[in-house]
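Okay, so here's the structure we're looking at.
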Amino acid sequence: MSSLRLLISDSYDPWFNLAVEECIFRQMPTTQRVLFLWRNAETVVIGRAQNPWKECNTRRMEEDGIKLARRSSGGGAVFHDLGNTCFTFMAGKPEYDKSVSTQIVLDALSALGLKASASGRNDLVVETADGVRKVSGSAYRETKDRGFHHGTLLLNADLNRLADYLNPDIKKLQAKGITSVRSRVANLVELLPSVDHQVICQAVTQAFFDYFGEQCEPEIISPSAYPDLPGFSEQFARQSSWEWNFGQAPDFSHLLDNRFTWGGIELHFDVERGVIIRAQVYTDSLNPAPLEALACALQGTAYRPENMAATCQALITAFPEQQNELQELAEWLEQSLR
């Protein structure tokens, strides 16, 4: 019986694919070597310790229907589309070695006629006429008895869109999270015009088989053909939840300010695990009472635009004479935080 396992996802849902990855990683025998091949529709994928409000242009993402997905490994934020092929290698310890999986990917590229090399921050690079360009980035995760290496190969990604979503709006965030390093990148189709997702998957699969001298039958998985993984539905629900993707952000502070016809306002927030734990308001409004009430009411509220706007609107009952001001404030809050 082969010690290898090969899974190929037909789903483009990042939450589905990351849930598959997590379940396999937790449940695989430590004697097994796993290769999982997948790709995502338009998504910003952030590292386990990152702050999405700092890393991402969340307003633009929502307008364009771009998903946010938090992975369980460290590292920086990346933009995925169907021009990226994603790979995950998993193995038990002591056999797990990220240099082995890196070599398998390099062997796959070499078989396609492209010489690449490993570089610094977990990247694979190639020499081009315009200099060194990154074609692959990776992240890693280890537990006591196993580890995984996952990454992407840029095949035909829309590189112009990287900056659209990875460069945040200018917000006064003082964050304890990690800011991504932007890298100079290139698509493999610029160097290998005939390469596509299927071609690269076949090359990586063959390099995987060749390295270990074994083969196995691929398992094709999709939302209509769920993987046989205990607890998958629960993991899928968690992976797609706001609590995981946003609520796991590192603690941070945020300042919002604006001037309305009725006065200026500054709102200071301290946020932990996606929830406002402290809110302060400063204003030169002639009637600060509803704003002071808002600061109190926001404590314990999820740091979500719709929640904060609803909290503001709920105060209209207590302050009917300030209905217009509170409505204007609610609309501003919802717009500013997207």
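Glycine is treated like the rest: Cβ placed from N, Cα and C.
Pulled from Swiss-Prot, these are the features on record:
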BINDING   R71, G76, A77, V78, F79, K134  ATP binding site
BINDING   K134  (R)-lipoate binding site
DOMAIN    29-216  domain 'BPL/LPL catalytic'
Where K134 (ATP binding site) falls in three-state DSSP terms:
strand
Would you pick out, from the binding-site residues R71, G76, V78, K134, the residue whose Cβ has the largest number of other Cβ atoms within 10 Å?
V78
Kindly assign V78 (ATP binding site) to one of the three DSSP-derived states: helix, strand or coil.
strand
